[in-house]
Amino acid sequence: MAALDSLSLFTGLGLSEHKARETLKNTALSAQLREAATQAQQTLGSTIDKATGTLLYGLASRLRDPRRLSFLVSYIANKKIHTELQLSAALEYVRSHPLDPINTEDFEQECGVGVMVTPEQIEEAVEAAINRHRPQLLEERYRFNMGLLMGEARAMLKWADGKMIKHEVDMQVLHLLGPKTETDLEKKPKLSKARPEEKDRRTAKDMMENGEAADQALSLMEQLRGEALKFHKPGENYKTPGYVTTPHTMDLLKQHLEITGGQVRTRFPPEPNGILHIGHAKAINFNFGYAKANNGICFLRFDDTNPEKEEAKFFTAIYDMVAWLGYSPYKVTYASDYFDQLYAWAVELIHRGQAYVCHQRGEELKGHNSLPSPWRDRPVEESLLLFEAMRKGKFAEGEATLRMKLVMEDGKMDPVAYRVKYTPHHRTGDTWCIYPTYDYTHCLCDSIEHITHSLCTKEFQARRSSYFWLCNALDVYCPVQWEYGRLNLHYAVVSKRKILQLVAAGAVRDWDDPRLFTLTALRRRGFPPEAINNFCARVGVTVAQTTMEPHLLEACVRDVLNDTAPRAMAVLEPLQVIITNFPATKSLEIQVPNFPADETKGFHQVPFGPMVFIERTDFKEEPEPGYKRLAWGQPVGLRHTGYIIELQNVVKGPSGCVESLEVTCRRADTGEKPKAFIHWVSQPLTCEIRLYERLFQHKNPEDPAEVPGGFLSDLNPASLQVVESALVDCSVALAKPFDKFQFERLGYFSVDPDSGQGQLVFNRTV
């Protein structure tokens, strides 16, 4: 009964039922959250709104000193702490002031209690920062460090929303400078501290070895072209440090060059058991990009050696994502294409005394310091017979494996080459009941396809010696394996297993839920493929693992959408406005530029009638100082119409809530200019708009030190807000899924595939 009461209490805070149940599993967290919610209810004397509930959950999950719980809850319940920024400051204050009593005046000052930051204050702070740097801005244009403007505005308004400051900076800079020109798009070269004679020696390869971000002056193609990475030339594999040669190496390289003609060959080899994510985007760009930059070819090879986890939908989705990013494989191949050859080579490996059949169980093979197998020295003939028996299905799963005789860099001894699996294969059916492993398949498939540069993420470096060993043990052409750093993002989970857990728990809808960082999810959210490729280029080709902030990816998205997403107007919280002296007997057709900063890109028409709808937040009966939008005695302009409206009457319902406004209008070229121009819609379409925030609350949701309860306990209850009755102008009526728009003053939006006849659904992209 107590558990049910707590479940009801937690869902009342805005937590999903799944999130509430997960919280109940954490005894300490649930006790602290229960106490916080109970106190807040007593203070409020009513139900707790979702925003307050989110803050209470954040408090309970992050507070390390329970003595301070009651003190902080009182501030949240009384709306004295009402933002995440204030809560973080409050938690930091009580952490750094462990002794009683707390100095209330000092605490409130440090946490911004009572400080209200209006959009008008943000506008003025940004305007002041721009005016201070106007000459330099006009000279350097978009090469100017915009972070300086945001930093100065934030210094003036400590408690302002950082996203609002960033948006205001973008808007005012665009107004001052106009759209980016070709000159603006040329990256600013970085100044080198190296001596003059050393300047030409720092290449992308040097940056890889030092784990540095690539110079933003270089495009991805420039980073990958020719000598930039100091990779070996085709046929000169033996010049690579660490490459192992044999008496047959030079003959094999000569044959290789006769087959390839000295052409660069790479491959992208995903496992078809999940959807590609942002980390794969770097791998795709690196593999396909290196081939493209050097006039080579790249294979798309599906590593389909584990039939238990492979599904047809993953093959299709992977191919689609490669194409979506703008790449075309030279050829689509499958590891299963080579099953016969791989089996023949396994038999040859046994003949050469380099492999044996083993009966140790899986748990005995785990770890890096396992004892040698008791079957390591069994006779060749015996292993040949047993391997044939494995193929004929005479062993149960786990009863026998084929192992190779080598010790890897990480100490792992005799990796498995083949194992028994009685699972039909999606391409070969029941032909095989033994399947090769990655350690065995990877290098041999590279050899068969005459890959020149086998590009892998850093964790495969421990397999490099086995890669060389196996090719040389069979006297076949041996490619060169090169490693680069994996790309990760903060506030994200990309593991296939963990995404499946999120789907199963109902935290996300599927692999393409726009809150995830799978490529299908990013496409659905509205991220252009060019932006993802640009992001990979900015990250650069580094050996060190890179973990980036999501806002850097979002900046690349804005750069692309600013030039490609036509403008439209939408209203999320509509307030009806009646123009009592509308200047025409019927609606007017208003010409609206698709891109206000560049009217050569065309216009679209929207109707303007005596009834319009504005954002509810664009009107206040009792405005605070500095408020610039519609209020008594304070007219505003309606964007693109050439008209200014002035308030005449406020119509309220029985509850006292404002239901509509009555205004008069006059032409903008008569009388005083208004302080603000607002967006509006007339004769609009009703649509659904989905607003997304981060899925997780902490930077590293998989880190036990940061999130002791596990990543499922770190879900942000406010990661999705659905506005079911938003209004949008009729210019978007014919929009198709994935079409993108910038809704003026609101952000960038993309049409979701859930859209149906007469009912558009938009996802906020950024």
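The backbone N, Cα and C atoms fix where each Cβ goes, glycine too.
What TrEMBL lists as domain 'Glutaminyl-tRNA synthetase class Ib non-specific RNA-binding' is 7-162, 165-254. If you look up TrEMBL, you'll see 180-204 marked as region 'Disordered'. TrEMBL lists 181-204 with the feature compositional bias 'Basic and acidic residues'. Per TrEMBL, the feature domain 'Glutamyl/glutaminyl-tRNA synthetase class Ib catalytic' maps to 263-562. Residues or ranges marked as domain 'Glutamyl/glutaminyl-tRNA synthetase class Ib anti-codon binding' by TrEMBL: 565-665. Residues or ranges marked as domain 'tRNA synthetases class I (E and Q) anti-codon binding' by TrEMBL: 677-752.
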Remark   = In this predicted model, the domain 'tRNA synthetases class I (E and Q) anti-codon binding' (677-752) has a mean pLDDT of 95
Query = Do you know the DSSP helix, strand and coil residue counts for the domain 'tRNA synthetases class I (E and Q) anti-codon binding' (677-752)?
reply = 7 helix, 31 strand, 38 coil
Inquiry  = For a three-state summary based on DSSP, what are the helix, strand and coil counts in the domain 'Glutamyl/glutaminyl-tRNA synthetase class Ib anti-codon binding' (565-665)?
reply    = 6 helix, 52 strand, 43 coil
